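Worksheet: one structure, shown below.
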Amino acid sequence: MTPQAFTATVVGSPRIGPKRELKRATEGYWAGRTGRAELEKVAATLRRDTWAGLAAAGLDSVPVNTFSYYDQMLDTAVMLDALPERARQVSDDLDRYFAAARGNSDVAPLEMTKWFDTNYHYIVPEIAPTTKFALNPDKVLSELKEALAQGIPARPVVIGPITFLLLSKGVDGAGGPIERLEELVPIYAELLSLLADNGAQWVQLDEPALVTDMCADAPALAEAVYNKLGSAANRPAIYVATYFGDPGASLAGLARTPVEAIGVDLVYGPDTAVAAVPELAGKTVVAGVVDGRNVWRTDLAAALDKLTTLLGSAARVAVSTSCSTLHVPYSLEPETDLDDALRSWLAFGREKVAEVVTLARALRDGREAVADEIAASNAAVASRKSDPRLHNDRVRARIDSIVASGSHRGDPAQRRASQDARLHLPPLPTTTIGSYPQTSAIRKARAALRSGEIDQAEYERRMKKEIADVITLQEQLGLDVLVHGEPERNDMVQYFAEQLEGFFATQNGWVQSYGSRCVRPPILYGDVVRTHPMTVEWITYAQSLTDKPVKGMLTGPVTILAWSFVRDDQPLADTANQVALAIRDETVDLQAAGIAVIQVDEPALRELLPLRRADQEEYLRWAVGAFRLATSGVADSTQIHTHLCYSEFGEVIGAIADLDADVTSLEAARSHMEVLDDLNAVGFSNSVGPGVYDIHSPRVPSTAEIAESLRAALRAVPAERLWVNPDCGLKTRNPDEVSASLKNMVAAAHEVRAGV
């Protein structure tokens, strides 16, 4: 059967629901408030509505199997029967799935890390020597049948074998998972046959790992694997999707295989990639010309120029997003606070689908068929270029002056001596990362302020009560360096964005970060200006309640960029320095108010690292420079902390040392302190707090378990440089879990401290 050619599609779509319906349903299931049937009903409704919406918008090929209760890599591990043995102890299949993702009282979860250079996090499959791959196609077949029954032109989407293995982790003495590639090829061939038998005309195999340097042999592997899969006797047409960058030599390798279509990212990859591969002349090129991971409206005329150029290089050209629209909010429609100019510059998920359809129509019927849409696009481009909010000469001049004079602090040893004399901390000092649980009282107060039910003064009174409660709890637990708990912050980036000029905070711009965790990234559209102190009042109030040091809590410039939708009209380095200047001014004000410890979090340092090694040195240069610009305005006696998480740190370990923070806390519990060896390898000599327990799991770790982690850390870090802290902030945990876990953490620190 010859597959029906398609002209307009998207790589994938979000699954949380336009009103975060899936978040509420899964959290209700985890808490035992609802049953499996209700969760499955919500999921089925979301799938149905998503597919219907995409088809009604004009897509003639709709991705299915992009829905997930938690994560698509975890779904693929289930499909390949590759869950670890400890998760298999759970008898119910859905509970087993969630145990692998989140853990439970008996099962430690799988690791979680960043999905390439995005703010989405995936669950890292573990491949052991005993892992025996086998096909479990129930989910993908079920969703295909659902969609076809609905009359949807459905295209199942599955993570490809190369990407699955390169993003997995070998355990228990196993080598690199990619060594198992030959075992997966026949399983994928079996899957293709089943999909064809069940009515699939096309299948999409996602291979974003091909745009990275993760494997030097990737081009040859891609050609070998897809020669075999493309030669299968019974299969749908194969569309191999690459995204997030340039597939390089892998593109030519794929083009030499029998696959029918290849997707290329023409937003984050070069426009010339396709023209350089003559073998694509017989293929469908799925051209990712609409940005799937940022919120700016597409310049339709420029995109159409790219597409027109491609027509001479491929048998067919289909229009698509550059990647899944999972990374952007659902729609601009709920954003009623947007001014007309800013609204005209933006496109969220629904608007991006419309852009794809418009461009496909222009390719089919000519530019004159979409003349009105192109005119509106041109007007938006012109409006954005001329808006005075985009440039602030005073900010730019200040940055140039500080950078020219140098942004380095004093000698680390001298700083440590000065801080020791000021703080008088015990060996193995205990602290937490920053946030404490956002209670229902906090959420109700925030909602009441938004609705006008209470005024700002009453809101601040309630938040101060929450701060006082958190300070009291920490003192009762015996922590050494305290935090104020951040009750006034809905999000560690949005809180600052709402107070800085150059940002717009959305009302409903939710995107999935991991599992049920959703974030609302602000939009950074112009030059960044700090007009007033943002945290000083809250931190000094907390400090007034205790004699112990309370950390000032700030978000670093790179993380603010990584967790925002950032302007694309100037280099990221310039924007990072503008944010860094605002944070620098805040650190100076905190110090002037008597705060002795200031934490500038950079959990996203690894996230923005370019996927190709050739581009990484320049990024790390300006990222480190922005952090130092933000933190070099304070005295030696002020202790600067930073925190990093959610990442594999190996590729940025040298940069972590170059940040020159006095204390660096790191996510380390799930990876069993591996990061400490990496730090030692680059001569890291400042203090470090490797996370001693995993806060992303509801498990309460025992005192003995934490003490064991501390002793493991002491084998790599001397006691005078070791801090004791959880992996990450505690915002998403419930108060009982937090109290029990911290009680055990402090007890473990005292136990180990006694033996130092």
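Including glycine, each Cβ sits where the backbone N, Cα and C put it.
Site annotation (Swiss-Prot, ligand 5-methyltetrahydropteroyltri-L-glutamate) includes Arg20, Glu21, Leu22, Lys23, Lys114, Arg517, Cys518, Trp563; from Glu475, Glu602, Glu607, the additional listed residue is Glu607. Swiss-Prot lists Ile433, Gly434, Ser435, Asp601 as L-methionine-binding residues, and of the candidates Glu373, Glu486, Glu488, Glu498 the one it assigns to that same site is Glu486. Cross-referencing Glu667, Glu705, Glu708, Glu751 against the Zn(2+) binding annotation in Swiss-Prot, which names His643, Cys645, Cys728, picks out Glu667. Ranked by Cα separation from Leu22 (5-methyltetrahydropteroyltri-L-glutamate binding site), the recorded positions Ser435, Glu486, His643, His696 are led by His696. Considering only the recorded positions Arg20, Cys518, Glu607, His643, Glu667, His696, the residues lying within 10 A of Asp601 (L-methionine binding site) on a C-alpha to C-alpha basis are His643. In space, Cys728 is the closest of the binding-site residues Lys114, Ile433, Ser435, Glu607, Cys728 to His696 (active site, proton donor), judged by Cα positions.
DSSP gives Cys645 (Zn(2+) binding site) a coil state; it is part of no helix or strand.
You'll find the Cα of Cys645 (Zn(2+) binding site) roughly 18 Å from the Cα of Glu486 (L-methionine binding site). The recorded positions listed here are Arg20, Lys114, His643, His696; among them, His643 has the most other Cβ atoms within 10 Å of its own Cβ.
DSSP classifies Leu22 (5-methyltetrahydropteroyltri-L-glutamate binding site) as helix under the three-state reduction.
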